[in-house]
Each structure stands twice: as structure tokens, then as C-alpha cells.
Amino acid sequence: MSYEAVPAENSAFIPDQAKRNIKGWYFYCFSSEPFIVSAVSTYVPLLLEQFGRINGVKLDDHSLRCEVNDDKCVLPMFNGRWFIDTSSFALYTFSLSVLFQTLLVISVSGIVDKCQSIAFKKRVLLFFGTVGALATWFIGTLRSDQYYVLPLLAIVGNCSYGVINVVGNSLLPVFVGFLVGNEDQLEVDIKTSIISGRGASYGYFSALIVQLFSILLVKQSKNHDNLQIAILFVGLWWLLWQIPIAFLLQDIPRDTDQEQHEFTWANTGNYMEYGWNSLWESLKHARLLKDVVIFLIGWFIISDSLTTINSTAILFAKTELKMTAINLITLSIITMVMAMLGAVYIPHLLSERLRLPLQQVLIIIIIWSSVIPLYGMTGFVFQNIGLKHKFEMYILGVWYGVSLGGLAAVSRSLFSLLVPRGKESTFFSLFSVTDKGSSILGPLLIGLITDKTHNIRYAFYLLFLFLVVSLPVFHGLDVERGKREARQLSTM
């Protein structure tokens, strides 16, 4: 982008508006992050299981209604043609929502890449943000017998979040570019890292506030276990805190020689085709880089496992350990805080202090993470340990949070070393699709296992297997070779 061509009379306007745009971007993080951290990760899976149990029947006698404290219940679907475990109901819904989200995100990415207008992207953010917030709000108003509507609203909310996530990520480099002007690439990278980090911090801080308020709201409810009021609060938070985006985000005069694409409904098909073609181009580029392929295979495996550990552990704690909604929200807060600390201190301790290469740091984090499903498996052998008590879940919440935060920080840093300069957007979109794609498979497989055994503890075997299999994959990664290949491709 050329900044010399910007008219002189707008020179004072550009940095001021750039700062306003970045403030608007912070509000995007602040408003939407509680949905994914609180609602998707904790509240919605628990509510799905709860609705399944309320409308379910006993496993050993389908003529008897399921009682709240019954251990094994199944939910009759489609007039009793299909009976699924109440935990599987939540897992299948999550898997399906990520599938639709992935398809929608790939399709929308073409529109985002082609239509660079900030005003247009603002409208997309506000539209899908409003749809997602209202879907979340309506979940909080459902009757317990509306168990077909609940997964539909969960899918709509998750798909909406996926779209605004893509649009929000695409706006950050544009805003930073206007802010730094003609400064060198190093300055751009530093500013991007700082602003991105602040946005993530605001998002996590927002999620923490929502979680704390949720505990108070659930405590004040009649049965002290009303998750719907917490979900309704998340929807209200998302809806209200996105309002400043409408006033802060605004177009900035660009180089008049730069080709502009204005969105038209007539070209929607072409935009969607462009999104899928871009994914295909990313795959073709990735095939030229052996270590990128190795990394993405390994990432598919560990991302699948660690994402699924969260939903599995939450459902396990509710169905097997009988933990209350307040217990589980507290567990979620502990995990989130430890993830924030892990993201900061794990790279600092292992990479900077101990001078370990990022590849080894990642392998250490995987081994650390594998302790979680391994400990769950010991419950088949021992009577008093192996996730038999509530306090064990809190300890594993700390353990899991550290591993999750460390993995998020290290994985992106390691992958960035393997990416050719100038093609970052292409390869990180592939990274994102790999991440989302893995989240389809894990919950689906765990759901099938739980449906077959009606014991969600068996899921820990599969999760442990995933983590162990990823170790030789990442051991085969050659970072120096990957850097050389990336440099060669960047000159092509």
C-alpha cells in the first residue's frame, strides 16, 4: 500500500481515525470473546446435556422418564428412531456447529479479501454480531422441552462468531498499516503484536467479568443451577458492547491508484468461489513446504485432542462427579486464568530462560497435556483416584489451563517461522482451517464412543492416543529446513 498518494489535507485525519479504528477493534474483542470462552466452552455444552436429560429416558428402560440424578440416560430423537446419550447430544451439536462454521468461514473469506472497505466490514461485523448475540439471547429464553431448537441456535451463534472472527482478524493489519504509515516492516510487526496482545487481553478480561457475574446470577436463580440466565447475559453483553463499533470504525482515504472492490449481491457467488480457490491455492503452496505439511498434520492431531478435552472434562464433571453449575463456572475461571498465565510464562521459562528451541517446547507441552487423559484413565484401575472427586477436577483445571495457554503461544510462533514472507495471510488461513477442521472430528468420535459405552471416561483413551501419536510427528519437524524452504518460496 502506498501512503504518499494520500491527500495532504487528510494527513492529520489519518492517524486520528486509525486510532479510533483500533479502539473499535478492541470493542470487537471485548464484546465477542465471552461467547467463545464462556458460552461455547462451558454453558452451552452443559445446557445441551441438561435438556437431553430432562427430555430423556432411562438407558435400561425406555418407557421410564429420566430423573435428574439418574446416571445413564438417553435422548429419543425423531420420534424414538434414534436414542443418543445425553452427553453425546452436546458433543454432536458442537461437532456439527464447527462443520457449518468452517464451511461458512471459507465462503465468507473471499468476500473479506475482495471487499476491503472498512465501512463494509463494519456492517458485516455488526450484522453477524447481532445475529450471534440474539441467538445466544434466545437460548436463555427457551423452554426445557425445546431441545430441537437449542442445537439450532447454538449452531447459528457459533457460525456468526466464526464470521466476525475472520472479519476482525482481517481488519487488524489494515488498521496497523494506517497507524504506522511508511515505517519499516519491523515496526509494523511490533505494533501488530502489541495491538493484538492488547485485544486478546481485553477479550480475556471481558470473559472473566462475564464469568464472575454469571456466578452471581446463577446463585440468585431459584434452583441455583440455572445456566440459561448466564447464557442470556452473554448474549446481552455481546449485543450491547458491540454498539461502539458502529461509531468508531470508519473508512480512511486510500491510494486512489489502488483497485477497490465494492460489495454487490450479484457477485456473491464469485466472492465465495474466490474463498474456496484461495484455500486450494494455500494447499498447493503448502505441498511445496515439507515441514509446513508435517506441522499441520501434527497440529490437526493435538488441536483436536486439546479442544475436545475441554468439552469432555466439563461433561464428565457434570455427569460423573455431579458438579453443580457454580462448580463448573468456577472451574472454567480457573482454567482461563491459568491459560493466560501459561501463554505468558511458558514461552518465557522454557524458550528464553532454558534456551530450548520452540520445537522442543511444543513437545514438552504435549507431554504435559497427556497427563490429563492419562490420569482420567487411571480411574478404571483405582477406586479413590483418577477423577473420582471434585477437587481433582480443579487441580486438572490448573494443569489444563497452563498447557492450553502455552500451546496457543508456542504453536503460532513456531508456525510463523515456517511461513514464507509475503504469504502469511495464506498460510495462517490454512492454519485456522486445520484448527477448525480438527474440532469437527474429535467431538464426533467422543460422541460415538459415549453412545456405544455410555461411559464418557472411555473418551480419555482416545484423547491420550491423539496426544501420543502427535509426538513422533513433531519430532520429525526440521525447523531449519523449514526456514530455508520458506525463504526459497518467498522469492518465487
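Each Cβ is built from the backbone N, Cα and C atoms, and glycine gets one as well.
What you see is a predicted model, and the numbers here were worked out from it, not measured in a lab.
For the residues Asn158, Asn310, Swiss-Prot attaches the annotation N-linked glycosylation site to Asn158, which does not rule out the feature elsewhere. Ranked by the number of CB pairs under 8 Å to the transmembrane segment (92-112), the listed stretches 27-47, 362-382, 430-450 are led by 430-450. When Cβ-Cβ distances under 8 Å to the transmembrane segment (391-411) are tallied for each of 27-47, 326-346, 362-382, the top count falls to 326-346.
Contact between the transmembrane segment (326-346) and the transmembrane segment (199-219) is present: at least three CB pairs lie under 8 Å, with pairs separated by 6 or more positions in sequence. Of the two recorded stretches, the transmembrane segment (27-47) does not lie close to the transmembrane segment (459-479), with fewer than three CB pairs under 8 Å once pairs fewer than 6 apart in sequence are set aside. Sequence-distant contacts of the transmembrane segment (161-181) (same chain, at least 6 residues past either end, Cβ-Cβ under 8 Å): 1, 3, 14-15, 17-19, 21-22, 25, 28-29, 32, 35-36, 40, 101-102, 104-105, 108-109, 112-113, 116, 118, 121, 124-125, 128-129, 132, 187-188, 191-192, 195-196, 199, 249, 252, 436.
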